[in-house]
C-alpha cells in the first residue's frame, strides 16, 4: 500500500524535461523560450515519399507539448519522426528519434545563428547527434529551411524565425548599456566644441614663430648647399671627382667659418637700420 501511494504521489509531481533557459548565459538572451519550433522536410523516394517531422523545445519555461508529434516521448526536448507514404496509401512511421534532457547540450553564438548541439541520443544500438541552427527572422512563426544528414548518426537542421532573434536589451548595445547605438552618456566630454574651439586648444603664438624660424633655417641650409655644389662643380668641371670633392670641402669650410661673422654683420645692419629710422623721427630745435 505504501509503495502504491508513493508511486501515485511521484506521478503527480511535475517534472522538468528541458533546460531552464533563463539561467543559461546564452539562451537567456534569445527568444527561444517564447515560441514552438518545428518543421517538416519532404523528399521524393520513388515510388514513395519520405517525410521527416522535427520538433524542438529545449526551454522548460515554454510549454509546447501540444505541438509535439504523437510518436515522441513527453520527456523529449528534441524529436524527429520519419514516415514513408506510397501513392494512395497511408504513411508508415519508420523511425522515431528521441532526444531527452539526458543528452549533452552545447550552445554557441555565431554570426549567422544560434547554434545548439545535442549529442548522445540512443536510437536502438546507435547514437544520434543533432546540430541545430536558429536564424533570426522577425516576421512569421518560423520554419525549417534546411535538413540534411551528414552521415547515419548526425543530422543538421536550420530553422528560421523569431526564436533565433535576440531579446530587447541584448541587441545593438553600446558602451553605455543603452540601445541608442552611440557611446554618449551625457557628460561634458560629449558636448560639441564652440566655433572658436573646433580644432581643440589653439597653439600659442610662440609655437607659430618657432615653426616659421625652423622652416627659414631649412630653406637657407638647402640654398647654401646648392650654391656650394654648383660653384664647386663650375670650378672643377674639367677635373676629376677628387678635385670636385676638395673644392667642395674647402668652400664648405670657408662658408662655415665666415657664417658667424656674416650673421653678425647682417644683424648689426638690421639693428642700425632700426635705430636710424627711430632717430629720424626727431627734429632738431
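Keep in mind that glycine also has a Cβ here, set from the backbone N, Cα and C atoms.
The model shown is predicted, which means the values in this text are computed figures rather than measured ones.
Per Swiss-Prot, the residue from the list 199, 238 bearing the note N-linked glycosylation site is 199. Checked against Swiss-Prot, the range among 168-204, 242-278 recorded as region 'Disordered' is 168-204. As stated in Swiss-Prot, the feature transmembrane segment covers range 210-230 out of the listed 147-167, 210-230. Confidence for the topological domain 'Cytoplasmic' (231-285), expressed as mean pLDDT, is 72.
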